[in-house]
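As recorded in TrEMBL:
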| type | residues | note |
| --- | --- | --- |
| BINDING | A:E170, A:R216, A:H442, A:R482 | L-aspartate binding site |
| BINDING | A:R216, A:D217, A:E218, A:Q225, A:E475, A:G527, A:L528, A:D529, A:R530 | ATP binding site |
| DOMAIN | A:137-548 | domain 'Aminoacyl-transfer RNA synthetases class-II family profile' |
| REGION | A:194-197 | region 'Aspartate' |
| SITE | A:H29 | site 'Important for tRNA non-discrimination' |
2 protein chains.
Amino acid sequence: MRTYCGELNKEHIDQTVEIFGWTNRRRDHGGVIFLDVRDKRGIVQVVINPDNKNFTLAETIRNEFVLKISGKVIARDDNLINQKLATGEIEIVADTIEILNASKPVPFQIDAVDTSEEVRLKYRFLDLRTNVMQQRMRLRSKVTHFMRDFMEKHDFLDIETPFLTKATPEGARDYLVPSRTYPGEFFALPQSPQLFKQLLMMSGFERYYQIVKCFRDEDLRADRQPEFTQLDVETSFMNEDEIMALMEAMTRGLFKSVIDVDLGDKFPTITYANALDKYGVDRPDMRIPLEIIGIDELLENIEFKVFAEPAKNPNSRVAAMKITGGSNISRKQIDNYTKFVSIYGAKGLAYIKMNEEGPASPILKFLGTEVTQNIINKVDAKTGDIIFFGADKIKIVNEALGNLREKIAKDLDLYTCKWAPIWVVDFPMFDANDDGSLSAIHHPFTAPSVDAKTLESTATTALSRAYDLVINGSEVGGGSIRIHQVAMQQTVLKLLGISDEEAQDKFGFLLNALEYGCPPHGGMAFGLDRLVMIMTGSDSIRDVIAFPKTQTAACLLTNAPASVPNKVLRELGVKISLPEKD
Amino acid sequence: MRTYCGELNKEHIDQTVEIFGWTNRRRDHGGVIFLDVRDKRGIVQVVINPDNKNFTLAETIRNEFVLKISGKVIARDDNLINQKLATGEIEIVADTIEILNASKPVPFQIDAVDTSEEVRLKYRFLDLRTNVMQQRMRLRSKVTHFMRDFMEKHDFLDIETPFLTKATPEGARDYLVPSRTYPGEFFALPQSPQLFKQLLMMSGFERYYQIVKCFRDEDLRADRQPEFTQLDVETSFMNEDEIMALMEAMTRGLFKSVIDVDLGDKFPTITYANALDKYGVDRPDMRIPLEIIGIDELLENIEFKVFAEPAKNPNSRVAAMKITGGSNISRKQIDNYTKFVSIYGAKGLAYIKMNEEGPASPILKFLGTEVTQNIINKVDAKTGDIIFFGADKIKIVNEALGNLREKIAKDLDLYTCKWAPIWVVDFPMFDANDDGSLSAIHHPFTAPSVDAKTLESTATTALSRAYDLVINGSEVGGGSIRIHQVAMQQTVLKLLGISDEEAQDKFGFLLNALEYGCPPHGGMAFGLDRLVMIMTGSDSIRDVIAFPKTQTAACLLTNAPASVPNKVLRELGVKISLPEKD
């Protein structure tokens, strides 16, 4: 009967136990072999004395050999107790030793902290043996377990939607799959089950959930994967407040149950407009006690054009952000921040240092004393603080100061709490493009908060019934009430410049289904990888995925993608046609 | 506060309730409108009196309109009680009526039994509203819930494996996905997570499970789908008996918990050789009390060559199958059975009828009285029985009589019980092809039950450590102990004629990982669609999948697959190259 290494303790003293595991470390000391044997529950020390019948065999044991050992548990001498090890009060004196498998010398020590990600991904089967990766995958499994349990307790059915489906309209690139039975035609891998979950509502299931892989063939940013997992939820006959309350209860329970974190009684809510105005981004990190404050009205009439012109222009803004106690930020660090905001298009980074001697800044002479004092009053700056400024197009100021806010908070460790969830609501329906055309801020199936006629006349300002859940500045989930009436859907598609033909071609099946008694419905999707990353405190979603892809969408372990024989491609009705090199 | 239609009963009498649902049926009677309103829990009758404030609106209600109704629950008169309806003792007298959405006239009545599958699939969102489809999907969700619960209680971690991966070696065709970042290269969608779950064992997780989609681009038989779902399980340090016992406990618990069926204390076990010998197939339906009995030794020396030659030839066999009480099978029915066995290559179907007057058969004169009597004794035939014969190559006899056994059992309803699970074990490692080459019966990673040297010298007869779980003649699951030592893996690949280069190219990563301390491991996979089909008594796996494909791998609802703009294909480095018509 197997005992797990990590679970042995003083209660097992004098018992004969059998363990299976890997050689974590081997030492020889005074003719005795000491092995640290590791299984999925932890590590225990095994002692092999020179008179052991398998001693010669034991001498061949190297790191990562797989062993089956039986022996007797004994107490360690007081001076040999290892406090760092859960099993450190005992050890096993080996009786029989069996080598179940050997191992070549490993390219890196298990649990070595300085292994490069490239090597870790190539030898993922070794990297996953590390304690930190074992714990992350275990936590991830607990997360999905909790989610499923919660959803099923609330009468949501787990229903699978297809993977080989039609190009979806989310906007990112689809992964395509050639069809052999219909040569020249293609399936698309779903970017989300959006249309199918809406169809499930039209199918009368009322409550659906699924934890499901989705696919986006995008240029990969640090925090994206070509295949990612979401908790996907949809329900009929509930409004946004009811859906948000339910999803909030799920999230609260999840954090409490899995990592014993209390997210608070009721998550606060902020409008999209306020989030951008005060925090520069639509996913505000509420752990940070810094706010962006508009000061246009103080600057409209000054002569300093760098500030006065954006202050007067309705498409621009001037804003200030005070960092309490920030006056000792060095000149060099300010240069770094100036470089940082330039990523977002800012042409500079003005500041006022609140020194003991009074405000100090290269721009004071352009502002004049009165305006300077008005600004200081408006942002309530005190001696020892610093004020940073942004003055440009609204988008540039928001992005620059919004991201600077997060960077400074990180650099100076300004966080006021560990966990800060917030709902963002009242998103606009559309983004206006430079050419005057409209794009959907969420997706074309999101319901507006006004009727079709009002929507047509106020498209650029109309709000949607969408909501995002943000935790610590990361969007962990988003959703909306969907359009359930075909006329409204047609209005929205028209506003988006999608012709009837294109609409019929791409999602005629949805438009058709809307005409046969579609219930009011809405839902939400949580990004599982992102959520687990946050919950485990990992730096990258690659650290919470067993077999992730690199940022160029390759698998270093299996060397996928790979070339394929022409014969196979011929059967699929395609051939390779490489783009000509520039 | 919403009440569900299907849950209303006498206890709600005099309460005011609010329901949401679909109009299942509308009748007008004596100026009163009667609606059957349906939600996911059932149907209730709503009465709308002519003096109702929304009566004019109610007159516009048609089938499948979506309604929100509040009203008072009242008892029906005794003579109006509907025993067929769970809510048949009460009805709701409507107060306010709101039409949440209209519906065009539906192409088929919900719950109509005679709708063609083509129409059902095209209007799947209506088909899924039927009670039978709602129940099937609900049962499927219960099945996955039970499985996950069981696996997690037994400390299995739910770990996701990649979908965009390398061509897998299962033997069926892969679905391919062009890579945009590596033009000219392709991912493959997994036929199963086989190699990844083995890698997870090499990664030290010890117990893994996943309910996961798999993909096979095969010519579709009635019971296959291009994408299908399996419960995938792998564990380290357990032998086949331990794995089978655990999976049996899971299966037994599943049937008991979800459909209240007792599958019995311990599933019987049969060897592959015995299964073929006695039942003609490797997935014997043990509900059927018919056995195939070899009679070669009775016929080796007779003059009747049709029987004597296969009786003498070691690659052929002569076998008999007695059907108790089958002597009244008509001449016409025997002709049908003769045609049926010809599908499997049988050149005829000899028989002996055990009539009151004695045995009767066209072949009696060739067999002679003594041999006939020996056969009758051997199969223990009595007056009123019939004996069918097969005499040909072993494979033909087995397939012909094995399938005939199932057909006759169905035609004559011979089943002795409703549920009959059985384990099939001791599969051969390899199938010998006509050209002398070997194919893997399971897959190339299945462990043999002998050492590498013995395997090389006895390849065509060596057994594997594989096991299949068969219920009612359907293989619902299969698995094996895997090869965990690289030398054995290389031997098996060599026997399969796979060159070192090909092996390195296709699964070099696995061979590499085997060298770094791979634990002994094994596992199993259950076909979820098949299992749910059996548990729901459905005729097709399409009936237990929300959005299935047709037998030509198309989706009639969304019209996938579909053509794709050339611009998109150019980005992927492929172009269409249709095969020339023959």
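Glycine residues also receive a Cβ, built from the backbone N, Cα and C atoms like all the rest.
Within the same chain, residues at least six positions away from A:H442 (L-aspartate binding site) with a Cβ under 8 Å of its Cβ are A:F427, A:S464, A:A466, A:G478, A:S480.
Classification of A:R530 (ATP binding site) by DSSP places it within a helix. Secondary structure counts, DSSP: the region 'Aspartate' (A:194-197) has 4 helix, 0 strand, 0 coil. Of all the recorded positions given, namely A:H29, A:R216, A:R482, A:R530, the one with the smallest number of surrounding CB atoms inside 10 A is A:H29. The shortest Cα-Cα distance between A:R530 (ATP binding site) and any of the recorded positions A:H29, A:R216, A:R482 is the one to A:R216.
When every Cα pair among A:R216, A:D217, A:E218, A:Q225, A:E475, A:G527, A:L528, A:D529, A:R530 is compared, the largest distance found for this ATP site is 20 Å.
Taking only the Cα positions, the spacing between A:R482 (L-aspartate binding site) and A:L528 (ATP binding site) is 22 angstrom. Its Cβ taken as reference, A:L528 (ATP binding site) is surrounded by 26 other Cβ atoms within 10 Å in the chains shown. Annotation note: A:H442 (L-aspartate binding site) sits in a coil segment as assigned by DSSP. With respect to their backbone Cα atoms, A:E218 (ATP binding site) and A:H29 (site 'Important for tRNA non-discrimination') stand 55 Å from each other.
Its Cβ taken as reference, A:E475 (ATP binding site) is surrounded by 16 other Cβ atoms within 10 Å in the chains shown. Closest by Cα distance to A:R216 (L-aspartate binding site), from the recorded positions A:H29, A:E475, A:L528, is A:L528.
The average pLDDT computed for the domain 'Aminoacyl-transfer RNA synthetases class-II family profile' (A:137-548) is 95. A:H29 (site 'Important for tRNA non-discrimination') and A:L528 (ATP binding site) are 48 Å apart (CA-CA, integer value).
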